[in-house]
Amino acid sequence: MSVNYSEDNNRTAVVVGLQFGDEGKGKITDFLSESYDVVVRFNGGTNAGHTVVVGNETYKFHLLPSGSLRTKVVVLGSGMVIDPQSLISEIEIVKKNNSNLAVVVSSNAHVVTKIHKYLDVEEEKIRSSMVIGTTAQGIGPTYEDKYARSGLRMIDLLDYKTIIEKLDIIYRMHENLLSRSEFSDPSVRENLAKELYSYGQELKKYMYYTDILINKLYNEGRTILFEGAQGVLLDPDFGFYPYVTSSNTISASSYTGTGFSMRKIKKVIGVAKAYVSKVGAGPFPTELNDDLAKKIRDAGGEYGTTTGRPRRVGWLDVPLLKYAVQIDDVDEIALTKVDTLGILHTIKVCYSYELDGKQIDYIPKHISEVSRVKPLYEEFEGWGDLSSSLLHPKMRKWEIPQQLRRYIDFIEEQIGRPVTIISSGKDRSKTVRIER
C-alpha cells in the first residue's frame, strides 16, 4: 500500500517528558490513546512508573503503555528492557479491564534478571559520592549487557540452553561483583534459567518482531501513539550526565526503539509539570528545600511510583524547558499538575540564569557550573482551587481562570510553543484540551 506522508497530522504522535521524568506522561497518554488504534512504548523498563486514575480505580504501569486501558493494541518495542515476571503480572491486571487488548512484545527486547537487580545495587555502592539514586530495578546493568553484546533477549527465553549459556557469560562478565553472591553457584543460575524459561513459555504468545508489525499497521492506515519513559533531562547524551538514566529518552528514540521512522511521525507532544520534580541525585537549579517544598510535595503526591521515595521539587525552569523543547523538536505542550500550584498565593518561574554574576542564555553541562547557576525569577499570582473551573474536556483559552491563563501565556511566550492540554488532579476526567 502506498502511503501519503502529508496526510492527517494526528495520525502518528510521540509523547515525551520535558523534565526529569514523572511529568504525567501516563495520564496524557491515557487521555490521548482513545483516539489511537495502537500505543507503543520504546524505552526503559520497570524504572518507569506511569499512573492512570479512572474513577475510583488507580492503575500503575511500569512496562505496559499507559494507553492499555483504552486502545486496541499495545506494543513493547525493542528499545525496552523487560522484567518478565512484572510483565506477566501487568498483563493479567490490564486484561481484567480491557479483555480485547492485544499485547505485543518485541522478540528483540532485552531481559532484566535477578542478576541485573543485584548488580544495580552493588554498582551504586561503588559510585560512592557520585551515587545516582537508581531505582534498583536492574535497568542499567541490563543495558550494559545489551551494549556489551552479552545480553539476554526475549526470544532467548524460548530456548533453555541459550538461557544457561548467556547467564554464564553474564556471570563471567561481572564476576568481580558476583563472585560473593548466590549467583556464583551454578545450581542457582540453573534454577534462574528454569524460571526464565517458564516465563518465556508464558509470554511467547505475545512475542513478535515488532518493527515489522508497527510498519505494517501504519501501512494499513492505523493511528499510532508512541509513549516515552523518563524525560529529556535524564537522557544519557543530553541530560546532566552521570545523573541520567540508561536509555535514550528523547523523541528520536522512538525510531531506534521501535524501527519506525521519525519521518513518519506527525507530531511531538512534550509533557511538563507546572513546576519541576526529580527523583535521585544530580543538579536541580530551582530546587526548594523549605516548608514550601513539603507543601508542594504533599499537595502533588510527589512520591515515586516505582520506589515510593519523596521527590525533590522546585519552581518551573524555563531555560531547561526551552532546551528540552529544542532537543525533542516539540510541536505542543501538555502542562500537568496545574491544580497543585493553585494552593499557593505566589508562584515563581525561573526565566533565566546567572553564572558567576553574568546572565547566560545556555544550559551549562559541566556539573560544577550547573551547581553555581543562580535562577532569575518572575512572580505570578496563584489561581486558587480549580475544581469548579476546569469542568469540560475542551475549553476556549479565555474560559480558563485569568491567573492561570497569564501563567500559560508566559510559558508560551518564553518557549515559543502552544500549551494545548492542561491537567489538574489525578483522574482522567481532569484533563482539558485548549481550543483556539
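The backbone N, Cα and C atoms fix where each Cβ goes, glycine too.
Per Swiss-Prot, these features apply:
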type     : residues                                                                                       : note
BINDING  : 21-27, 49-51, ARG311, 337-339, 423-425                                                         : GTP binding site
ACT_SITE : ASP22                                                                                          : active site, proton acceptor
BINDING  : ASP22, GLY49                                                                                   : Mg(2+) binding site
BINDING  : ASP22, GLU23, GLY24, LYS25, ASN47, ALA48, GLY49, HIS50, THR135, ARG149, GLN230, THR245, ARG309 : IMP binding site
ACT_SITE : HIS50                                                                                          : active site, proton donor
BINDING  : THR305, THR306, THR307, GLY308, ARG309, PRO310, ARG311                                         : substrate binding site
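Here the binding-site residues are ASN47, THR51, THR135, THR307, SER424, and the one with the most other Cβ atoms within 10 Å of its Cβ is ASN47.
If you compare Cα positions, ASN47 (IMP binding site) sits closest to GLY308 out of the binding-site residues LYS27, GLY308, PRO310.
In the three-state DSSP scheme, VAL338 (GTP binding site) is classed as helix. In three-state terms derived from DSSP, LYS27 (GTP binding site) belongs to a helical segment. Cα-Cα distance from PRO310 (substrate binding site) to the residue listed as 'active site, proton acceptor': 12 Å (rounded to the nearest whole number). Considering other CB atoms within 10 Å as the measure, the emptiest surroundings among the recorded positions LYS27, HIS50, ARG309, ARG311 are those of ARG309. Fewest other C-beta atoms within 10 Å: among the binding-site residues GLY49, GLY308, PRO310, that description fits GLY308. When the binding-site residues GLN230, THR307, GLY308, ARG309 are screened for a C-alpha within 10 angstroms of the C-alpha of GLY21 (GTP binding site), the residues that qualify, in sequence order, are GLN230.
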